[in-house]
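Let me begin by presenting the structure, written as structure tokens, before commenting on it.
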């Protein structure tokens, strides 16, 4: 189609031409209405969706006509004549075609009234409105009743649930406009209307055919839709190239998305609210495409058609005032104006595309780092869990410390393991009971170190751990991947528990038991105190308390308490604690009554806890 910049006369100013235009426009709209009715008849198991959609059209048209009749009567005009020249049904049909099928009838009625009354009549009626009336109604119901504008339709025969499956534009926007595997619609789906959406916006092929027919019959000027959709193609191509997307498929997806094609053919071409000059129409269309893409890519609302057309309706007088009187100027300057408009649009979208690309890359890197941190945390927890000492001390026998630990049988069928410790050496390890261990695995590991599913490491474990001796410092390095890992880990846990128990074992001299214990003071778990406590079992007396190491205690508090009992922030009770507890004897019964409020309470509490632990072990 040849695009000319020469001035043409606006047909809408000629009464006869206007009636012909509106008649043919009505026929085209009725074709879309018929398609939507057929769609909801053919694709659904019941007639309920079809009936509801049909009622939406009826309600919208009736409300529109009634509103104009009342307006005509109020102004004492012939109602029938007024209706013939106001074309209220066109506004009503266009408005309804922009709604999804599940829109409640009361919302449809309200929107139709707003479109006619506030979109057209308050400006003086047909030909005087500054905004497209159908869009006024659509935007108001979108803002006021957004939650009700859903495709609330039962399951279809083909298994497509329009109530739950996202529309193509919503789905694509959810991918930061990059598409990918999560965008499940094909170009064929988009072109043929096999997806959720507003009643009149889905079947691109049908809208395109109707647009070509209407343009050929001079119902509207083709410059606006061509410039509009052409700009969308160009700008989406820029986005595709910047983000490494398919340069053919991606622009076509944007071409078919949302209500762009419907808006370009049936709303942007409204002769009353669009520029009247050829150059103005082209600039108008370019700006529409630019705004639509900007709103799509950067705004919270993924579809920019409604708002872009309304915004450009406001700018129509400005465009006309800028262009009129200049239309017959040098053609080169006119094309330069068009070129500048496109360059500005392309530059803006290029910047936005680059920003989105960087944001997506940053988000992906953040996700990778978060996943890596999560995996490291899980690995750390797994290692901590694997290395966690889980044991129960049962008794001390000639074979050593008898520990109860979980193996393959778990807590329900635990093992009993005797471990003999002599200083820094694990002299022997004997598995006394192992009811939960199975043949070919843990049972064979314990009895022979070979057989079943055991590997070479099982024999090494058997020889070195169960039939040998090892240093306590080597316990953490024992390889438990024997083919009976849970059993081997349980035995190692028993050894660790025995080592810990041995460290708590007192030095016995007659009735005197001396314990070297770890106590939590001001330094916490990181810098604990080492406290040596001697108790006389026969006299039930604490005979000596010596704080051997106290790296976490500070001057003026715990350090001074331990060394002298005075100084810094210590009170009189600190001196009493130092003299009576650290340098005196205390009956077992009096330990619970020791006053720790010395000014270094955390330190004194830790010391008293160590004393009580020594008493409990001696008992």
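Heads up, the Cβ atoms here are built off N, Cα and C, so glycines get one too.
Automated prediction, rather than curation, is the source of TrEMBL annotations.
Summarising the annotation, TrEMBL assigns coiled coil to 358-392.
The annotation domain 'FMN-binding' is assigned in TrEMBL to 407-502 (among others).
Per DSSP, the domain 'FMN-binding' (521-618) is made up of 41 helix, 19 strand, 38 coil. Annotation comment: TrEMBL describes 521-618 (among others) as domain 'FMN-binding'.
Feature annotation from TrEMBL assigns transmembrane segment to 21-42 (among others). Panel annotation: around the transmembrane segment (21-42), residues 11-12, 49-50, 53-54, 57, 87, 89-90, 93-94, 97, 101, 153, 193, 199-200, 202-203, 206-207, 210, 213-214, 217, 219-220, 266, 271 of the same chain, lying at least six beyond its termini, place a Cβ under 8 Å from a Cβ of the stretch.
Counting only same-chain residues 6+ beyond the ends of the transmembrane segment (54-74), those with a CB under 8 A from a CB of the stretch are 33, 37, 82-83, 86, 88-89, 91-93, 95-96, 99, 101, 103, 105, 108-109, 111-113, 115-117, 121, 125, 199. What TrEMBL records for 54-74 (among others) is transmembrane segment.
Sequence annotations record features per position, and here TrEMBL assigns transmembrane segment to 81-99 (among others).
Long-range contacts of the transmembrane segment (195-214) within the same chain, counting only residues at least 6 positions beyond its ends with a Cβ under 8 Å from a Cβ of the stretch, are 24-25, 28-29, 31-33, 35-36, 39, 53, 56, 94, 96-101, 151, 162, 165-168, 185, 189, 220, 225, 255-256, 258-259, 261-266. The feature transmembrane segment is assigned by TrEMBL to 195-214 (among others).
Under the heading transmembrane segment, TrEMBL lists 226-242 (among others).
Summarising the annotation, TrEMBL assigns transmembrane segment to 248-269 (among others).
As annotated by TrEMBL, transmembrane segment applies to 281-299 (among others).
Listed by sequence, the residues of this chain that lie at least six past the ends of the transmembrane segment (305-323) yet keep a Cβ under 8 A from its Cβ atoms are 98, 130-132, 135-136, 138-139, 142, 258-260, 262-263, 267-268, 273-277, 279-280, 283-284, 287-288, 291-292, 295. Per TrEMBL, transmembrane segment is recorded for 305-323 (among others).
Marked as transmembrane segment by TrEMBL: 335-356 (among others).
Here the domain 'FMN-binding' (407-502) is broken down by DSSP into helix, strand and coil counts: 41 helix, 19 strand, 36 coil.
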